[in-house]
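Heads up, the thing below is written out as structure tokens.
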Amino acid sequence: MFCVQCEQTIRTPAGNGCSYAQGMCGKTAETSDLQDLLIAALQGLSAWAVKAREYGIINHDVDNFAPRAFFSTLTNVNFDSPRIVGYAREAIALREALKAQCLSVDANAHCDNPMADLQLVSDDLGELQRQAAEFIPNKDKAAIGENILGLRLLCLYGLKGAAAYMEHAHVLGQYDNDIYAQYHKIMAWLGTWPADMNALLECAMEIGQMNFKVMSILDAGETTKYGHPTPTQVNVKATEGKCILISGHDLKDLYNLLEQTEGTGVNVYTHGEMLPAHGYPELRKFKHLVGNYGSGWQNQQVEFARFPGPIVMTSNCIIDPTVGSYDDRIWTRSIVGWPGVSHLEGDDFGPVIAQAQQMAGFPYSEIPHLITVGFGRQTLLGAADTLIDLVSREKLRHIFLVGGCDGARGERNYFTDFATSVPDDCLILTLACGKYRFNKLEFGDIEGLPRLVDAGQCNDAYSAIILAVTLAEKLGCGVNDLPLSLVLSWFEQKAIVILLTLLSLGVKNIVTGPTAPGFFTPDLLAILNEKFGLRSVTTVEEDMKQLLSA
């Protein structure tokens, strides 16, 4: 096992990365190794997808499957070894079908990619794990060095984050052939184990630029189906009655669940990154979407244990449900998996609803505590002139984007302390689950404009980018000249690709933490600092002083 893709990875003087019987996330060595094997199979599939496009062949089954299967290897998504192997087998079957399509056009069609003809050696998980050793990400570290390995992993993990957003967009009916062609090209190239530093740096920026397009179609998918988010108050306390909790990012799953629970007497609560759903008109119209429950994903083993109903996980993040003994009432969807828990294959939530009706639910309603969400792209753009007016009248000094992933490290209290230290004449724009560090606190307003503005899920960084570009255009300056600072927390691969997106768009002087990615060497950090001004957090006082004086 070797995995260094998330922020909580093991760090020792000898090196970074989880390389024991089990990773810090709970992923076993078996599952981790089989995920490496799956990635190799997906690289071979992408190699043939690139070749097929040379013949004018676009196989939508391949395009639909590839990013989804890659998503299953993201942190805290799928811990179920047999299902990972199932994805690998499906990848190989699709590859062979695509290869046959190519050969039907050109009998001499061939693909030089080293992953292009990969076959699984056995049905036995142990044998497959031994085969996976050929594809462990750091297998040639001694030959290429830590810097090249780090850049390879930056590209691989960044592309993995983009694949997750591609799957979210696909679920909502969004497809862009250019994006998929670019995805396959990059995925296939990474299967050649590239070792050129400049080419890898260029690839990282290409992934960032591609992901900006992915976030654009994801935004289109969400707003076309569910309307543009508008500011909405959400209760974060319990309401009497039977209940279901839904977590993750998949708004379509939430919509289906709301439709199927309407009139049943079962209330629905959002959790984690599902919180922004309350801002969408077509979702909040359901009166039994009664509120948001819990806090950051890392607290779920305590909070889920206390929730008196079933829980549905639609995407990341799931952690061991046996710890809180709620494994008999947690359900996984799509690419999510945990050994031994119930998995919903389709869109029928009937078994979950039936379980909810058998459980007690909340015995009474608590005193409501309301927070505001729903500052989507249209709302943000509608406030652009107000922001400019406040800046010109010196009522608004600075905007801080404080957001990103949450996690368990105590150092993440930095982001709570930073938000509460922001001066009263400054505004906080937030997104993703890092907001749970401070989103239930009171921040007041500036002439009626809330000082805490919740822009949505992690992918809604797109809205923040569009706002920044709009403000810069209206003020006749560059984005980096705005009174705007980005203070970002990271945990997994979606955050990595958001960072690459920002860097590829030329955004500079980002402050990130609580620690640098484990695959970033001192040399790579120095390069990113020199090119983009990227740096790690220090202390709240020092960072605040520096950002306000910039």
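Positions of Cβ are set from backbone N, Cα and C atoms, glycine also.
Its own atom aside, the Cβ of CYS25 ([2Fe-2S] cluster binding site) has 22 Cβ atoms within 10 angstroms in the protein chains shown. Secondary structure at CYS25 ([2Fe-2S] cluster binding site), taken from DSSP and collapsed to helix, strand or coil, is coil. Per Swiss-Prot, [2Fe-2S] cluster binding site is recorded for CYS3, CYS6, CYS18, CYS25, and the stated evidence type is sequence analysis.
Note: CYS458 (hybrid [4Fe-2O-2S] cluster binding site) has non-local neighbours HIS249, GLU273, GLY403, GLY404, CYS405, LEU431, ALA432, CYS433, LYS494, ALA495, ILE498, i.e. same-chain residues 6+ apart with C-beta under 8 A of its own C-beta. DSSP assigns CYS458 (hybrid [4Fe-2O-2S] cluster binding site) to a helix. Residues or ranges marked as hybrid [4Fe-2O-2S] cluster binding site in Swiss-Prot (evidence: sequence analysis): HIS249, GLU273, CYS317, CYS405, CYS433, CYS458, GLU492, LYS494.
If you draw a 10 Å sphere around the CB of CYS405 (hybrid [4Fe-2O-2S] cluster binding site), it holds 27 other CB atoms from the protein chains shown. Marked as cysteine persulfide by Swiss-Prot: CYS405.
Under 8 Å, Cβ to Cβ, and six or more positions away along its own chain, CYS3 ([2Fe-2S] cluster binding site) finds THR9, GLY17, CYS18, SER19, GLY23, LYS27, SER32, PRO137. Within 10 Å of the C-beta of CYS317 (hybrid [4Fe-2O-2S] cluster binding site) we count 27 further C-beta atoms, all protein chains included. Around GLU273 (hybrid [4Fe-2O-2S] cluster binding site), a 10 Å sphere centred on its CB holds 28 further CB atoms from the protein chains shown.
Summary for the binding-site residues HIS249, LYS494: the Cβ-based neighbour count within 10 Å is maximal at LYS494.
Listed in chain order, the extra residues whose Cβ falls within 8 Å of the Cβ center of the hybrid [4Fe-2O-2S] cluster site residues HIS249, GLU273, CYS317, CYS405, CYS433, CYS458, GLU492, LYS494 are GLY272, TRP297, ASN316, ALA432, GLN457, PHE491, ALA495.
Around GLU492 (hybrid [4Fe-2O-2S] cluster binding site), the same-chain residues six or more apart in sequence whose CB sits under 8 Å from its CB are GLN5, CYS6, GLU7, LEU74, THR75, ASN76, GLY161, ASN316, CYS317, CYS405, listed in sequence order.
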